[in-house]
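> Sharing a structure with you now.
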Amino acid sequence: MDAEAAAMFQEENTGINFDAYEDIPVESSGRDCPPPMNSFQDNELPDALALNVERCKYTKPTPVQRHAIPVAMAGRDLMACAQTGSGKTAAFCFPTIAGILKLGLPPAQRSRKVYPTALILSPTRELASQIHNEARKFCYQTGLRPVVVYGGAPIVNQLRELERGCDILVATPGRLSDLIERGRVSLQEIRYLALDEADRMLDMGFEPQIRRIVEEEDMPPTGHRVTLMFSATFPREIQRLASDFLHDHIYIAVGRVGSSTDLIEQQVEYVQGPDKREVVLDLLASMTGLTLIFVETKRGADALEDFLCCEQFPATSIHGDRSQHEREHALKMFRSGRAPILVATDVAARGLDIPNVTHVINFDLPTDIDDYVHRIGRTGRAGKKGLATAFFNEQNIGIARDLVEVMGEANQNVPSWLQSFAAESRGGTSGKGRSRGRFGGRDYRRDNHGGGSMGYTRYGGGGGG
């Protein structure tokens, strides 16, 4: 293995506490659901892929991997409700790579137009880059070539990468649509389709583009490809997408990592707007490790970064107006610890899988509880404990009821003053189809058909039965 490859395998997974995933509950439903696997050896991964799994220091599968990999390896479609940080990238990459290798397809040819065998759609350029980096590790010495394309970066460089051959294409919907229109990508050879963070793609307005890519281009139809959908939440829009894109699928819901094992300690402090800066300084002065601070606006991100730097706290920020180079530089500074404080807006941080975040601060609380759950899920990753602090005042009364519910589900101490706000509030998203309990959602087919002949299993822990 050369030095570059050795460095690639050093990047992630050091210090992951895989045993902390054992208590995460899982529900599965669907006809003839394949049993979960207990180790990566259970599914006879191709030798080259199995060796890369070892190189990545994957000792045992996480709950979503235990259940999703056997489903996809059996050639079944999948709808999985699982949070970012639960190991879902490997859950769709492993069976995709194994399936392509077993098909024995000829290697991708250098040509002006590429015909990938697998397509992975993701909402943001950062998440697409992360998936591609993982795919590169998993594809090492397999003969398969993953390529990533996304907006906000020069298309010329991406075209050059495509022309060198592409077996697995990782893409954001907008850039992929552009490349299809230019006649540079054909989807007619797609055998594996994965949609990651499907709820976020819909939130960002990508549904028309996704439907055009899947239903109106030359991609093989449902039933002639393996389709894997992953979503942290399961609102009606995602249910409709699943019913249109999936055939006789298996549904799995993985409990939130940190909810049943109390990996994330949640604290809520009553702080008026003008006092937030002083309180955040007090918090940062007592903290070590990487801290991620969420604010509502781009202007707010810039202002808070400037303030923290002036107060001798090394901070950086990301938001939608930053160039790709600026965003990547900020993330590199944060991950390395040279700027251990990252101020971010929701859109900029969606899908980011940053290891070792010890503290998440909701400087500005979101209006939607699912966004809150996404945010605090940035800490407590990979089985490690984390802290999430939220600043609350009268401006946030609309989220009070849901906040109390989420904290209660995770066995957190709920301040009495917050319970009083919740009692006064008429807010809440229970009518919008927010995920209930510890799971990301529920298989809508069980509600529509009363279960019928469809199998349903609940696993109290990570799997294995």
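In case you wondered, yes, glycine gets a Cβ from its N, Cα and C as well.
Automatic, uncurated: that is what TrEMBL annotation is.
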> Name the residue range among 9-37, 38-66, 212-240, 357-385 that TrEMBL annotates as motif 'Q motif'.
38-66
> What does the DSSP secondary structure composition of the domain 'Helicase C-terminal' (282-422) look like, as residue counts for helix, strand and coil?
68 helix, 26 strand, 47 coil
> How does the motif 'Q motif' (38-66) divide up by DSSP, counting helix, then strand, then coil residues?
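DSSP composition of the motif 'Q motif' (38-66): 13 helix, 0 strand, 16 coil.
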